[in-house]
Amino acid sequence: MIKLMAANWKMYKTRPEASDTARDLVKSLEAMLPDDREVLVFPPFTALYAVGEAFKGRKNFSWGAQNFYPKEEGAYTGEISPRMLAELGCTYLLTGHSERRHVFGEGDGLVADKTTLGLAQGFRVVMCIGETIEERRGGKVEEILKNQLDKGLSGVDKSLSPERLSIAYEPVWAIGTGEVASLDDIVQAHSFIRQQLGKAFGERGQEMRILYGGSVKPDNASEILGLDNVDGVLVGGASLKADSFSRIVLA
Ligand code: PEP
């Protein structure tokens, strides 16, 4: 399975900054990127074209959008449709990120609509799920993950090819906090997610990638990537500098 090494640049980087970082990533990674690693960057909308210019035509370098509205077009002021993103060469879409869920109030229904439409329009989708610290303390991790998976994937075509859908397990309390889930917590959550994907997609569910996200850094990436059912990482803070993200990609 090709490990997916994804960078979420959130609301950081102007267009020239994004262009420089993307070009630096190509410089430091292209010659030594193993065949089983794929680099994926989610820049802000305004930098998608610039990142596409740096990455296009390069094997295993992809770019995608952090957000979109799940309609083809219409009177949705301020929104961007998947069709508009396809024009920029994006092949990936991110759904369910905890900042969308918690800062912008996106519920499971909207996450499901976005995941379903994104896939139906031919994109690859990375759908994020994860529990809050209160939910973890209350012993509800599996219940929350099952619920987010069941609802988020309810409309998805069950005969989908496995490389089109990835799940990112991102415990909310580990995002941007410097606090990483323990290796045992990661193994347990990923094995539970694998089981649920098997129930939903049969054999294909065994080949879908499950990423870990939450304070991944160059010095912890290698042990996380070595765990069972960890098929990549989704990185926020440590992906903003080309040097640090390159070390993670090669970890
Ligand atoms: C994220 O934004 O998805 C994330 C995991 O952020 P960080 O790596 O900064 O915790």
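Heads up, the Cβ atoms here are built off N, Cα and C, so glycines get one too.
For Asn8, Trp9, Lys10, Gly176, Ser215, Gly236, Gly237, the entry in TrEMBL reads substrate binding site. The active site, electrophile feature in TrEMBL is assigned to His97. Positions annotated as active site, proton acceptor by TrEMBL: Glu170.
Everything TrEMBL records as a feature, shown here on the structure.
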{"residue": "Asn8", "record": "substrate binding site", "Cβ neighbours (10 Å)": "26"}
{"residue": "Trp9", "record": "substrate binding site", "Cβ neighbours (10 Å)": "22"}
{"residue": "Lys10", "record": "substrate binding site", "Cβ neighbours (10 Å)": "17"}
{"residue": "His97", "record": "active site, electrophile", "Cβ neighbours (10 Å)": "28"}
{"residue": "Glu170", "record": "active site, proton acceptor", "Cβ neighbours (10 Å)": "27"}
{"residue": "Gly176", "record": "substrate binding site", "Cβ neighbours (10 Å)": "13"}
{"residue": "Ser215", "record": "substrate binding site", "Cβ neighbours (10 Å)": "20"}
{"residue": "Gly236", "record": "substrate binding site", "Cβ neighbours (10 Å)": "22"}
{"residue": "Gly237", "record": "substrate binding site", "Cβ neighbours (10 Å)": "17"}
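Taking CA atoms as the reference points, Gly237 (substrate binding site) and the residue listed as 'active site, electrophile' are 15 Å apart. Selection of the binding-site residues Trp9, Ser215, Gly236, Gly237 by a Cβ distance under 6 Å from ligand 1 yields, in sequence order, Ser215, Gly236, Gly237.
With respect to their backbone Cα atoms, Gly176 (substrate binding site) and the residue listed as 'active site, proton acceptor' stand 11 Å from each other.
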